[in-house]
Amino acid sequence: MEGKQQTDDEVLKGMLSRRFLYAKAQRTTTYHHSFRTKTRWELVRLSLLIVGIECTYATETAFVAPILLAIGLPHTIMTMMWAMPPIVGVLFVPVVASISDRLGFSWGRRRPVLLVLGIAMLLGMMLLPHGRLIGETIGLRSVTWIATITTIGLTTTDFSAEASNGLCRTYAMEVCTIQDQARVLSTMMLIGGLGGMLGYLFGAIDWSALPIGQYFESNEAAVFTANWIVLLIGLVSTLTSFAEIPLPVQERDEMLRPVTHRMLQNELKRIRGDEHSAQDAPTETVGFRQFVRNTVQMPRSMKILCLTQFLSHMGYLPYCLYFTDFVGAEVFDGDVQAPEHSPPFVRYEEGLRFACWGMALFAGCASLYSLVIEKLIDRVGARPVYVCGLMAHCVGMLAMGFLRTKAIVMVCCSLTGIMYTTIYSIPFLLISHYHSKNSFHMEDGKCVESTTTRGFGADVSMMSSVLCLAQLIVSLVMGVLIDTAGTTTVITFVAGGCSLLAAASAMAVLYMGL
C-alpha cells in the first residue's frame, strides 16, 4: 500500500466507479452523474441560477435606494424599507432550508424549493420598478401606498434571492463528487461575478437614449426587464441541469448515496481491517425541533464562523445598499429629490450611472479573484486569505471616505470585489469541510467526531440568515446615521470599521487544515 494520500484517491475512485456503474445499470434512473467528475461546462450550467441571483442583487442595490428616494421618502424611512426583507429572511430562510433537508419529492430536495423561490423572484422583479404605475392603476396614488407596493416587491425579491443563494450552492455540492465541490463553488463565484457585472452594466446604460427605451416607462423599468430575462434563463438552466437523488431512494439504496468524506474514511478503515469501523450511515435528516436545537446549541466553531460572516456583511452591506446614492450625492454633488432635469438632478443621474460602472468593476474583480482564490488557499492556507480579503475592503472604504474622487472610487470598488469573493467562498468551504469530517472542533490537533446530527443545508442557510440579520441592523441604523451626520459619507466609515472587526474575528475561526 502506497502513501496515504494516494491510497485515499484510489479508494475514492473505486467507490465512485462502483456506484457509477451500479447507478447506470438502473435503467429507470439517471443518477450516475452524481458519481463522476463534471466538465467545466456542466459546472457552469449548474451555476447559471447564481448569475441571475447576482444580477438581481446588482439591480436591487443600484436602483432601490434611488427609486424609494424619488418617491419622496427621507433617508431614515428609505433605509427602514430595506429592513423588511431581512426580517422575513431571519425568520424564514432557515425554515425553508430545514424543510428542504427533509423533502421526499421524486424531483429531489432542493430543486422544488428553488423553483418556487425562482417564481417568487420573477414576480417581485415585476413589482419593484412599477410601484407608482401599479398604485395609480388601482387608485392608490399616495406616497405611502406607492412605497408599500415597492417594498412588497423588494421583500419578495430579496428574500427569495437570499434563500435561493444558499440552496443553489447546497444543490450544486450535493450533485457533485467531493472532489468537484471546490470547483463548483469557484465556478459559481466566477460566473456569479459576471452576473453582477451584467446587472450593473444594465444600470450604466442610458436606456432612454436607445430606440428600445421608448417601450419602457422609465430607465429603471428597462433595467429590471433585462434582469428579469437573465434570471429566467438562469433558473431554467440550473433546474434542468442534473437530477437529484431523492431522499427516499438514498434511504432505501446504500449504493445510491452520494460519497462523503465520512464514507471514504469508513471504507479506508474496512480496507485496513479495523474491526471497529463504522458502517455507512443512512442519509440523516434534521427535523424542525432538532434544527432549532442545533441553531441554539451551535458548536463554538460555527458560532465564530457565523460571527465573522455577520461582521463581514455589516462591512459589505453599507457599500452594497447605499454606494450609488453616496456617489450621486457626495462625489457628483447631485440631489435625487431636485426637480427633474435640473442641474442637481442631472448630476445625480450621472453619478448613478458612474456608480454602476464602479460596481461593474467590483463584480469583474470578484470574478477574476475567484479564479485564483482556490490556488491561494492551497498555497498559503485559508486563514491569511480570509483575513487579507476582509482587510482589503476595510482599507478601500476608509480611503473612499477620506478621498471622494472618481479615481479612488474605482480603485476601492476593485478591493471590495476581493472581499466579496472571500466571504462567499471560504465560509461555505469551511462548512463543507466540517460536515465532510463530521467534526466541529479539534483536540490535540485532531478532529473530534460529532455525535450530533446537523443538516448540511441548514448550516449553509445560516450564512444567509446572518446576512439577513446584518441587513436588518444596517437598514434600521444607517438612515438615522446619515440624517444625523448630514452626509452619506458615514457609510464608508461604518463599512471600514465592521470589516476590521470581521478580520479580527476571522483569526479565531477553526480551519482544520484548510
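Every residue gets a Cβ built from N, Cα and C, even glycine.
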Expected hit for transmembrane segment in TrEMBL across 182-205, 326-349 is 182-205
Beyond a gap of at least 6 residues from its ends, the CB atoms lying under 8 Å from the transmembrane segment (112-131) belong to 49, 52-53, 56, 59-60, 63-64, 67, 71, 96, 99-100, 103, 105, 146-147, 149-150, 152-161, 163-164, 167-168, 171, 217-218, 220-221, 223-224, 227-228, 231-232, 235, 238-239
Look at every Cβ pair spanning the transmembrane segment (225-247) and the transmembrane segment (352-372), keep those 6 or more apart in sequence, and say whether at least 3 of them are under 8 Å.
-> no
If one takes Cβ-Cβ under 8 Å and requires six or more residues beyond its ends, the residues near the transmembrane segment (182-205) are 38, 40, 43-44, 46-48, 50-59, 62-63, 168-169, 172-173, 176, 222-223, 226-227, 230, 234, 352-354, 356-357, 359-360, 362-368, 370-371, 373-374, 417, 420-421, 424-425, 428-429
Contact set of the transmembrane segment (143-161) with the rest of its chain, CB cutoff 8 A exclusive, min separation 6+ beyond the ends, reads 53, 56-57, 60, 64, 67-68, 71-73, 77, 81-82, 84-86, 88-89, 92-93, 117-118, 120-121, 123-128, 131-132, 134-135
Does the transmembrane segment (77-100) come near the transmembrane segment (408-431), with 3+ Cβ pairs under 8 Å (pairs 6 or more apart)? no
Stretch winning on C-beta pairs under 8 A with the transmembrane segment (384-402) (pool: 352-372, 408-431, 460-482) is 408-431
